[in-house]
Ligand SMILES: Cc1cc2nc3c(=O)[nH]c(=O)nc-3n(C[C@H](O)[C@H](O)[C@H](O)COP(=O)(O)OP(=O)(O)OC[C@H]3O[C@@H](n4cnc5c(N)ncnc54)[C@H](O)[C@@H]3O)c2cc1C
């Protein structure tokens, strides 16, 4: 195996302490959280208390000023452990960065420390019932009123952390006739009149994740809650595009960690399971299958680690991040499928981690931009356009 050079001893020490946190605060409860359809709010507060949220934020805003490799280690631990109900990654490394990069000073002061302490849970609401891949087609509007506030109307769906969320970054049209150039981002708080949460959605996997619909009926959003203030009016799409490489890379990071964990569980299983008087591991098919999967996961890991280095150097482009997202999530699904097969009937039983991992994996090819959209992005970077 190729030794990883991405992490320093400090990163590894952090990984160990986060792994202990997971074993203590998440692992004993995750199955029950899957049954109830959401994680207990307490885990957010405890993560905040222990400095496990928004670590890459500057200290002035409640973070640790850590480089993003700490977040990478955290994401890997959550994926490898199968703790798929935990939405820390989206909260810390998608929602908080929008505020950090585009927010006004007052917005940063108001929200970031509370996100870092786990007092507020963050979500981002782009997708709508009739617009997911085609984000330019969103129908939610936020129209300027005479008093300077914005009147927000529309509905969002499939929103990660949606049911727990206290703060939602809502993508809305501020100039509906201007397409992408008329899109802005709003900071909508739980409790604003007209903001309602729908059902937690019942899903194939990610059973403990509180993915929800959100509804906005004449929500009066103060001008202070336009992300970035007046300067960012109608600039929302640019922000969304700028953040995409890191968001997509996060999916690839989780994919590789989950796939590696699945190979580990399967190795253990095939060695102890006896069939026809020998272990399943002794069949040539088993050995070759696992050898192939391990080879591909190793290739993926080297690529993803390189992407993290590029990200840290400010050089990760959207097409490369899209390659990582599409290829690693496809690989994750392939690994899960083969590993379920090697578990036989037990691979179909919910109590086995491989079964949950199989179910959790499928959405990785869909959210964060579908893998077909990733191929569109890559093809466009090669000068290929369908028009
Ligand atoms: C569990 C979960 C969590 C999510 N979390 C969030 C969240 O936190 N916030 C948020 O805003 N959204 C979230 N989403 C939404 C997610 O990003 C969208 O589902 C995704 O972008 C796809 O959009 P869609 O569902 O509308 O599919 P559609 O856009 O309707 O796509 C349907 C099919 O058409 C294909 N297709 C579409 N356009 C093209 C094209 N140009 N070329 C080729 N094929 C194409 C797609 O690849 C897909 O196969 C989440 C979704 C899920 C399932």
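Any Cβ shown, glycine's included, is placed from N, Cα and C.
Curation plays no part in TrEMBL annotations; they are all automatic predictions.
If you look up TrEMBL, you'll see 8-119 marked as domain 'Acyl-CoA dehydrogenase/oxidase N-terminal'. The feature domain 'Acyl-CoA oxidase/dehydrogenase middle' is assigned by TrEMBL to 123-219. Annotated domain 'Acyl-CoA dehydrogenase/oxidase C-terminal' per TrEMBL: 234-382, in sequence order.
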Secondary structure content of the domain 'Acyl-CoA dehydrogenase/oxidase C-terminal' (234-382), with strand meaning DSSP E or B: 124 helix, 5 strand, 20 coil
Per-residue pLDDT averaged over the domain 'Acyl-CoA dehydrogenase/oxidase C-terminal' (234-382), given as an integer: 97
